[in-house]
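Feature annotations, courtesy of TrEMBL:
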- 3-149: domain 'Beta-hexosaminidase bacterial type N-terminal' (DOMAIN)
- 153-508: domain 'Glycoside hydrolase family 20 catalytic' (DOMAIN)
- GLU317: active site, proton donor (ACT_SITE)
Amino acid sequence: MFPVVPLPLSVTEADGSFVLSDATPVVVTDPLAAAMAHVFADDLAVETGLRLDVTSGSGAVHAGAIVCEVAVDDPELAALGVPQGVRADGRAAVSESYALAVTDDGVRVRGRGAEGVLRGLTVLRQLLVAAPADPETGARTLGAVRVVDSPRYAWRGLSFDVVRTFHDVATVRRVIDLLAMHRMNVLHLHLTDDQGWRIEVPARPALTEVGARGAVGDRRGGFYTVEDLRGLVRYAAARRVAIVPEIDVPGHSAAMLAAYPELLGDRPATAGERADGEAGQSTLDPDLEATWAVLSDVLDTVVDVFPSRYVHIGGDEAVGMPDDVHAAFVTRFASEVVARGRRVVGWQEASRGLLGPDALAQHWIDFVPTDGTTVDRSQFDHVDPALLDVLVEMFSKAPADVGRTLDQGTRAIVSPTAHAYLDRQYSAPSDDPAQEADRARLGLPAYAPGTVEDFYSWEPSTAVHALPAEAVAGVEAAIWCESVTDARDLDLLLLPRLAGLAERAWSPAGASSYADHATRVAAVAPAWETRGHDWFRAL
Ligand code: TNX
């Protein structure tokens, strides 16, 4: 068992070993790799207690060290080919490739880009967490091994709802740490929704003064200042995680409408923040220029704060909005993003507007029949009957989104709810009886409960009906927080299933069985625990 998640592309174990101690230096031959080495040394100290010094040096022999090099033209790494899809930060998709060698002489990490060095060092961390430690010195013995690795998909993300429950900056950092630990590279921040507006927009203080007050139920509201967000962007970038900000319009916009009630125009809908967690029925009026004036200020802040190549425009569940009005809204908002030099991501419903070949559509709706038969209404038992007709009508249109996506040359991020929505209840008990109460509480009751394996044993290239493998640009999990009240709840839904998702996105199809994956997850979980994360004990 190789104690690493996701499983690397190629692992060759050999004879020999290397003992790593506080005296082992990390030698970097490239200034770009130095930042990566510092992040590694800090994380390693947290997870193992080992404190390593980072020094710069040449690529020559450094016996007894961890040598980090960037090797853009390395033939072995070049031969690995190109990961599928796009990088959210616009960097070359190949640059996460790396080779890691542990021999009797030391450790060598060669990345095709600086991020390859980081990914390789992250694998080294997991090996060290699992390696036997000398009880006196803390030194750890690594078996000789050679790893050559590259991700399957270039975009490996998590969509994180910070609206239904407001998560503070420290919690967001911890989520970034978890993503980086599992070699994921996108944090999609769902910053706006019916129950709250979470991004400060200096030109429009009402958005947060009014729109950020609430959350679901009586949970406290909150928002991130521009400085908070800049700090998170830096923190994530140091771990080669891109933050993709989402402004979710024209539906899910009740918090924005609470701040600017006049933007509702004459739509037949209810304004005001919804505290109950259901999708609001209020949508923005696209005929009002004031709508676009506010959104223009919002996007100016978004592109100022987030360097990400992509901006997520939402576009989902515009309950009650006529199709043509929704499509025209998405088209115009998307063009506003493009006018600011960025590319567009939208939920799959956004494909009903004009997105084009540079954009991505995030396909998630997997609970409607694709054969033209009617939607099973019983699965929406929990929904307010007054809303049900409108929801069923809306979801009935979802199967046609695939054709609309492909016809425009738009590629897809796949997030099918059955395999990627982490706010799904656990169907099997935890090994820890104390977690049974959590199991009953956590996850949306609207979804059928799922196993941990459901998040591992699926195939992204065929998961969306009628979507061809080559149209898949990436894989994203999602954690919606209607049922999540605090950071511990968040942990229990993220872990261990995020690890399954991460491996699905990184490792080749069929590279490992679920049983082997589960054993490896158990081997990496001590690092979660050392970092203070609880996790749902069901592997
Ligand atoms: C649907 S997924 C939504 C969210 C909810 C989620 C609950 C999507 C694009 N919209 O507003 O939180 O279901 O799983």
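Just so you know, glycine gets a Cβ as well, placed from its N, Cα and C.
Bear in mind that the values here come from a model prediction, so they are computed numbers and not experimental data.
Secondary structure of the domain 'Beta-hexosaminidase bacterial type N-terminal' (3-149) per DSSP (helix as H, G, I; strand as E, B; remaining residues coil): 43 helix, 46 strand, 58 coil. Using a 10 Å Cβ-Cβ cutoff, GLU317 (active site, proton donor) registers 22 neighbours. In the three-state DSSP scheme, the residue listed as 'active site, proton donor' is classed as coil.
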